[in-house]
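Per TrEMBL, the feature active site, 5-glutamyl coenzyme A thioester intermediate maps to B:Glu288. The CoA binding site feature in TrEMBL is assigned to B:Gly262, B:Val263, B:Gly264, B:Asp265, B:Val266, B:Ile358, B:Asn378, B:Gly382, B:Lys402. Under the heading domain 'Acetyl-CoA hydrolase/transferase N-terminal', TrEMBL lists B:12-215. Among the features that TrEMBL reports, domain 'Acetyl-CoA hydrolase/transferase C-terminal' is placed at B:317-463.
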Number of protein chains: 2
Amino acid sequence: MSRRARIHYPPLRDKVTDAGTAAAHIQDGTNLFISGFTSGYPKLVPRELVRRAQAGEEFKVNLFAGASTGESVDGILAEAGVVAWRRPYMSDRTMRRLINDNQIRFKDDHLSMLSGQVRAGNWGPVDVAIVEAVAITEDGNLIPTMSVGNTPTYVKKADKIIIEITHEPEELYGLHDIFIPEDPPYRMPIPIYRAADRIGKPHIDMDPSRVVAILFSEEEDCCAVFTPPDQAARRIAEHILDFVRHEISKKRLPASLPWQSGVGDVANAVLSGFLEDDFYHNLDIYSEVLQDSVLDLIDMGTVRVASGSAMTLSYKGRQRFFNELYRYKDKIVLRPVEISNSPEVIRRLGVIAINTAIEVDIYGHVNSTHVMGSQLMNGIGGSGDFLRNGALTFIVTPSTAKGDRISAIVPMVSHVDHNEHSVDIIVTEHGLVDTRPLTPRQVAEQVITTCAHPDYREMLWEYYQRAIHANGGHEPHDLSEVFAMHQRFLRTGSMRKDC
Amino acid sequence: MSRRARIHYPPLRDKVTDAGTAAAHIQDGTNLFISGFTSGYPKLVPRELVRRAQAGEEFKVNLFAGASTGESVDGILAEAGVVAWRRPYMSDRTMRRLINDNQIRFKDDHLSMLSGQVRAGNWGPVDVAIVEAVAITEDGNLIPTMSVGNTPTYVKKADKIIIEITHEPEELYGLHDIFIPEDPPYRMPIPIYRAADRIGKPHIDMDPSRVVAILFSEEEDCCAVFTPPDQAARRIAEHILDFVRHEISKKRLPASLPWQSGVGDVANAVLSGFLEDDFYHNLDIYSEVLQDSVLDLIDMGTVRVASGSAMTLSYKGRQRFFNELYRYKDKIVLRPVEISNSPEVIRRLGVIAINTAIEVDIYGHVNSTHVMGSQLMNGIGGSGDFLRNGALTFIVTPSTAKGDRISAIVPMVSHVDHNEHSVDIIVTEHGLVDTRPLTPRQVAEQVITTCAHPDYREMLWEYYQRAIHANGGHEPHDLSEVFAMHQRFLRTGSMRKDC
Ligand SMILES: CC(C)(COP(=O)(O)OP(=O)(O)OC[C@H]1O[C@@H](n2cnc3c(N)ncnc32)[C@H](O)[C@@H]1OP(=O)(O)O)[C@@H](O)C(=O)NCCC(=O)NCCS
Ligand SMILES: CC(C)(COP(=O)(O)OP(=O)(O)OC[C@H]1O[C@@H](n2cnc3c(N)ncnc32)[C@H](O)[C@@H]1OP(=O)(O)O)[C@@H](O)C(=O)NCCC(=O)NCCS
């Protein structure tokens with residue numbers, strides 16, 4: 001069937017054009033809002049913008065996405081030097097370098113708060129929205145691809161809309177649940193009572209008169225590559241599953257709370273851990289990004305339903321998902337990120353949240369974003385939305401990084417994204433500390449002796465004792481040497497003393 | 001009328017007794033949960049416990065309140081050495097000292113999360129609850145005094161209940177709105193759509209069979225003392241009111257969002273500022289603690305309705321409030337703190353939140369709790385609930401403390417309670433920075449040149465330049481001297497170089 005047939009609203013068929021014509025709507029200073037949230041980002045127009053830059057045209061755009069996009073958007077646009085501003089979360093190597101060099105302006109946001117800010121006009125006019133879609137409905141509305149993110153709001157507010165129609169199956173129709181809440185002071189409750197409740201429409205409402213160009217795309221998202229979980233990730237997953245099993249058995253936790261698991265290998269390992277564990281069944285997932293492991297868990301019958309804002313699948317995962325869409329569509333729902341990450345809903349459902357840290361300090365404060373306090377890694381993403389509102393919150397990290405030259409447990413984190421009150425449980429491969437019934441000093445003692453890598457325990461313990469001696473207090477610190485480990489790393493390439 | 005008549009449920013009249021008999025239910029190791037949230041705390045039983053300690057009895061209790069209580073509870077119990085644990089927020093001088101000395105174990109919590117944790121059993125059994133009340137209803141339920149806090153949950157979970165009936169007017173009946181949400185996974189939306197909506201009962205449900213003692217109390221809350229706002233507080237208030245007025249005029253902010261204002265003199269100054277400003281009218285307050293200024297604003301017709309969890313009034317304020325209760329009861333509603341501080345409701349209503357910091361750093365991270373990183377001041381209270389979920393969030397502080405010897409703007413805060421993503425606007429008496437459209441580096445530049453005290457601007461600017469030079473990055477820091485100002489203060493008693 002011709003791709004043209006995917007434009008079920010005939011008046012829009014005239015808008016089919018080429019990338020050059022479409023991209024002509026984007027000029028120096030354009031506020032460019034794109035779909036995409038680890039997946040589902042447009043590919044053709046970004047490439048055309050790069051072509052123009054390489055041909056010598058001088059221009060810069062302000063680039064706003066749902067969250068991270070692939071190398072094929074953030075990477076090439078950054079490389080081409082055409083990005084003035086970028087918001088929010090990104091994870092591309094080149095873009096990261098340029099942000100840290102102050103060549104690209106970047107601001108991070110809690111993902112749940114972002115669509116509302118755009119609707120309030122705080123981000124300036126939405127000049128152009130570029131959206132990846134599988135089809136346009138008979139009424140001129142949009143069916144997105146593998147992510148929702150902020151696309152509904154971007155489409156709602158855009159002066160001009162460009163659509164890239166892909167060849168992913170049109171049967172994605174029915175996967176999405178699109179609901180834009182009213183803004184304060186007229187907002188009403190978000191009526192999700194169980195993880196998979198559907199409260200919206202299967203399409204994104206669109207005013208067809210604002211569509212300026214439609215392209216047909218043969219491109220695919222860069223597929224995710226998952227490495228099998230390493231020993232540390234497996235140990236972390238075991239600690240978590242053991243702990244939750246124990247809490248449920250002791251009736252301290254209801255058996256049916258939904259789970260959220262962040263991005264990255266450890267997060268994936270936790271979900272894989274369910275596969276080998278026959279205690280858990282009939283699980284609900286209320287998360288942000290759904291990865292391959294969710295398909296496995298659905299196939300096993302361990303997961304009943306999964307809600308998120310995007311799916312990031314491996315090449316094999318994609319094939320499998322598309323082949324049996326009819327089956328997965330009953331079990332998976334993709335929502336706007338302001339809904340998947342809504343504090344209201346997360347707290348109502350009582351989500352068990354698991355997110356990864358760069359470093360954690362002895363009192364339980366967490367750095368998720370800035371290496372050695374200054375260099376941005378990716379961004380806070382949705383981690384704050386889930387940590388701050390979950391019913392039981394885990395922060396996980398391998399106890400060391402860079403071949404044990406860095407301890408992920410430090411006296412004070414060099415940047416704070418989540419403070420001690422947002423973190424219930426701290427987990428490394430060495431063990432787990434439930435901070436809830438402990439004073440800060442008790443937390444410090446247990447984190448040092450349980451979570452820290454054995455090679456760093458003495459160093460941390462000595463710091464803690466000196467801090468008590470020097471200043472005492474509720475969270476004893478000695479500010480004169482609180483970052484000595486970080487400074488040693490910056491000087492010598494290792495936090496160890498013998499280097 | 002005899003005080004006995006306030007026990008409208010006759011079977012409970014037999015439980016009237018003396019403080020000694022009541023306090024006998026409290027022994028070494030008892031988990032003691034008391035009413036009280038800046039006001040409305042029991043006074044007789046605490047005094048009896050102190051008497052026992054002074055008579056030589058050795059015992060310690062675990063003391064859990066709604067938030068801070070007066071000197072007459074936290075102060076005397078701490079002094080008597082009978083407190084093993086204390087949670088959450090407190091603000092008593094003696095108790096603070098003993099917490100910082102690690103003689104009293106203390107853990108702070110976001111106030112919105114606390115009742116749920118107690119219901120889940122995470123704080124251990126609720127052995128005894130002591131509640132201040134104005135009456136017991138015909139059905140054996142409780143009418144609290146000037147605060148709600150966590151009392152409904154403490155009463156619900158308590159094995160034994162002790163009631164102190166005060167002489168405050170019984171006509172407080174109807175002021176409170178008591179609603180305990182179901183816990184996850186069976187929670188439903190909290191159906192507050194406008195600031196003053198009433199969704200619960202005018203009394204606290206109680207099982208009368210668990211009441212072990214009733215006392216009649218002649219005691220009153222220590223009245224709040226408000227000093228007239230100083231110059232700095234007035235300037236801060238002006239900056240905020242000007243800014244919001246401007247945003248509303250430019251249609252970037254709806255005119256009818258409700259306001260929250262934290263505790264302390266600056267917070268009170270902002271509300272007083274409304275009195276002299278004829279732009280604002282028909283305001284709603286959705287806050288935590290209501291102070292005298294709210295009565296003024298209601299009388300002026302500037303405030304339409306005010307919702308909170310407690311009222312802390314001056315002596316005069318109390319007289320005025322009690323004299324015209326019938327009038328204020330239409331306009332004021334007191335709720336459990338899990339509702340007044342609910343992220344769901346705060347985000348739905350779009351609260352404009354104003355909270356006070358101890359120090360703020362150049363990138364907008366906030367310390368509300370720990371002086372020089374180690375010494376606890378009071379606790380995080382509800383500041384995180386409001387900052388993290390408000391539609392527009394202000395953090396305010398005078399630019400200096402301790403007679404200008406401390407700069408409240410520092411390179412890096414020595415403790416983080418709220419990170420840059422929770423803080424929209426930073427205000428000191430010198431000016432205001434709207435961080436929302438700025439990168440971290442732009443925030444630093446503006447905060448240094450606009451908010452910092454002129455005497456400290458050069459020092460901060462030089463730090464910032466050296467950090468860029470030394471490490472660059474998205475939030476440049478030089479960890480080797482990031483706390484140099486704090487260290488200088490600890491060494492010399494001043495952050496200034498010339499001392
Ligand atoms: C924290 C985060 C970066 C970890 O990512 P990950 O892929 O699980 O972890 P990795 O171990 O591969 O670490 C990523 C990089 O950080 C480095 N790193 C990790 N800990 C470090 C530390 N303490 N100091 C310095 N570098 C560190 C790793 O060496 C690795 O570097 P490389 O890319 O040069 O190999 C990632 O989870 C993240 O961006 N989180 C914030 C957003 C979030 O939580 N989103 C989910 C919400 S739904
Ligand atoms: C931050 C907080 C302590 C400020 O209180 P305040 O009464 O407005 O402020 P003050 O200026 O009187 O400061 C209180 C004390 O801290 C000291 N202080 C303030 N800034 C300081 C700084 N940067 N370094 C050291 N000490 C500082 C003051 O000197 C004063 O000391 P004193 O008691 O010895 O006189 C108070 O608002 C608080 O506890 N906040 C956290 C909880 C909260 O925000 N609750 C409201 C939520 S609804």
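Note that Cβ sites are derived from N, Cα and C of the backbone, with glycine treated the same way.
Automatic prediction, not curation, is the source of TrEMBL annotations.
Feature annotations (TrEMBL) mapped to structure.
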| residue | record | contacts (Cβ under 8 Å, 6+ apart) |
| --- | --- | --- |
| B:Gly262 | CoA binding site | B:Glu288, B:Ile354, B:Asn355, B:Thr356, B:Gly381, B:Gly382, B:Ser383, B:Phe386 |
| B:Gly264 | CoA binding site | B:Thr356 |
| B:Val266 | CoA binding site | B:Pro229, B:Ala232, B:Ala233, B:Ile236, B:Ala237, B:Thr356, B:Val396, B:Thr397, B:Pro398 |
| B:Asn378 | CoA binding site | B:Ser68, B:Tyr89, B:Met90, B:Ser91, B:Arg96, B:Thr369 |
| B:Lys402 | CoA binding site | none |
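Across the residues annotated as binding CoA (B:Gly262, B:Val263, B:Gly264, B:Asp265, B:Val266, B:Ile358, B:Asn378, B:Gly382, B:Lys402), the two Cα atoms farthest apart lie 25 Å from each other. Within 10 Å of the Cβ of B:Glu288 (active site, 5-glutamyl coenzyme A thioester intermediate) there are 28 other Cβ atoms, across all protein chains. For the recorded site, B:Val266 (CoA binding site), the DSSP three-state label reads helix. When averaged over the domain 'Acetyl-CoA hydrolase/transferase C-terminal' (B:317-463), pLDDT in the model lands at 97. Mapped onto DSSP classes, the domain 'Acetyl-CoA hydrolase/transferase C-terminal' (B:317-463) shows 54 helix, 38 strand, 55 coil. In this structure, the residue listed as 'active site, 5-glutamyl coenzyme A thioester intermediate' belongs to neither helix nor strand by DSSP; it is coil.
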